[in-house]
Amino acid sequence: MSNGVVVLVAVVILVGFFSMQHYGTDRVSWLFAPIVLLWFLLIGGIGIFNIWKHGSSVLKAFSPVYIYRYFKRGGQEGWTSLGGIMLSITGTEALFADLAHFPVSAVQLAFTLIVFPCLLLAYSGQAAYLMNNLDHSQDVFYRSIPGTAVVIVMLVTTFLMIMIMILVWRCHWILVLIFTGLSLIVECTYFSSVLFKIDQGGWVPLVIAGAFLVIMYVWHYGTVKRYEFEMHSKVSMAWILGLGPSLGLVRVPGIGLVYTELASGVPHIFSHFITNLPAIHSVVVFVCVKYLPVYTVPEEERFLVKRIGPKNFHMFRCVARYGYKDLHKKDESFEKKLFDNLFMFVRLESMMEGCSDSDEYSLCGQKTVQSMDGMLSNNGNTRTASSNMDISVSSLDSIEPAKSPPHVKSSGQTSSQTEVDELEFLNNNRDAGVVHILGNTVVRARRDSRFYKKIAVDYIYAFLRKICRENSVIFNVPHESLLNVGQIFYV
């Protein structure tokens with residue numbers, strides 16, 4: 001095909017790819033998986049045909065003896081020629097990116113059984129063809145590919161692997177030294193050979209990589225500064241308790257879901273909200289969405305709920321946990337699942353209170369640590385009980401010194417009635433309306449900042465924040481139930 005046809009076909013494929021991307025990576029992968037599988041099988045089959053037709057002697061190249069003879073015979077030219085065969089190993093670095101979409105076992109099986117054998121056959125077939133058609137060597141595709149950035153990716157991956165072996169796996173230093181030596185011998189050899197191709201087009205991927213490095217650094221800098229501001233300016237529980245059950249305002253019917261990045265403490269945006277508005281909802285739930293470095297989080301372990309302050313405050317915290325494969329943007333029932341877990345927490349909390357046998361410590365004025373231990377041993381749902389126990393006991397938000405109880409329960413009847421009352425209270429407020437309150441902390445550079453910092457923060461980071469998908473879009477929050485509360489933070 002001519003270059004014009006190739007470009008046209010590529011444009012059509014890209015347009016079709018991005019037009020389907022909103023359906024999710026799983027749908028796109030199911031569509032492209034048969035195409036990619038067919039591609040590898042075809043190039044592997046063509047390789048087998050070329051080896052059979054033009055001679056199987058090319059398979060001798062798998063012997064390491066020939067690379068020694070090649071370097072000995074070719075000298076410096078043989079060394080610099082390594083830059084021309086980078087295409088044969090490109091794509092391996094993409095395996096690490098694929099881990100964000102597929103399980104480790106799937107990537108291992110696909111590469112070991114399909115990708116690697118087909119690539120070996122394809123390149124061996126090309127070599128067999130070129131042995132009998134030397135005049136066609138100028139048409140080899142990899143001459144147009146600058147492979148420089150790929151080698152740098154491999155070097156970075158090796159150095160990161162060394163850190164993992166030392167800090168995470170705690171391997172013996174001799175094993176680390178052997179891995180480092182063998183890896184760097186191969187990769188530094190390739191890296192030094194492709195340096196001659198920088199002026200032949202290798203500078204293009206380096207410039208693109210540098211631009212993306214600047215963008216990622218600005219995004220990381222702005223995000224870290226915003227999170228540090230929220231961490232240092234979060235409201236203490238003493239201040240919340242000092243406001244009383246009404247929080248110093250009028251408690252109106254309804255449930256307010258306050259989204260925050262903090263998994264502990266009360267965010268500053270909440271104090272900003274109640275300071276400027278005369279009312280707050282009767283039930284307040286602080287929702288924190290966390291992305292864990294795991295493939296997926298099971299549905300039964302996704303939501304962690306605890307209470308903030310005494311019961312009559314009606315304040316809760318819910319941490320929603322997602323893995324990198326979980327498609328939370330399709331979670332249309334997010335609000336329903338959140339309330340289901342909130343109601344389950346209230347029931348479990350009431351059951352814990354019913355079996356309380358000590359007043360050494362009081363959770364929200366009533367729960368005890370010993371009652372949690374009894375609940376953990378008596379309740380069959382070990383996972384849920386342990387999750388709630390771990391969060392509640394370890395949090396200073398809901399533990400306060402015990403005082404002499406006004407009365408001692410002799411049975412679980414009172415706690416059951418309390419559970420019914422609170423569940424009815426939550427249901428009534430849910431029927432009254434749910435409002436999603438999103439904090440929008442705007443980061444700005446100080447007036448005395450240098451010009452490059454102002455450009456990075458006021459323009460680049462602001463643009464990245466603008467195009468970033470917000471929680472309201474991810475969880476399909478209707479506009480009529482959305483309330484944005486903004487504040488400006490200068491760095």
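Every residue gets a Cβ built from N, Cα and C, even glycine.
Feature annotation (TrEMBL): of 239-259, 449-469, the stretch labelled transmembrane segment is 239-259. The residues of the domain 'K+ potassium transporter integral membrane' (147-240), classed with DSSP into helix (H, G, I), strand (E, B) and coil, number 83 helix, 1 strand, 10 coil. For the transmembrane segment (30-52), the most Cβ-contacting stretch among 109-129, 149-168, 175-196, 239-259 is 109-129 (pairs under 8 Å).
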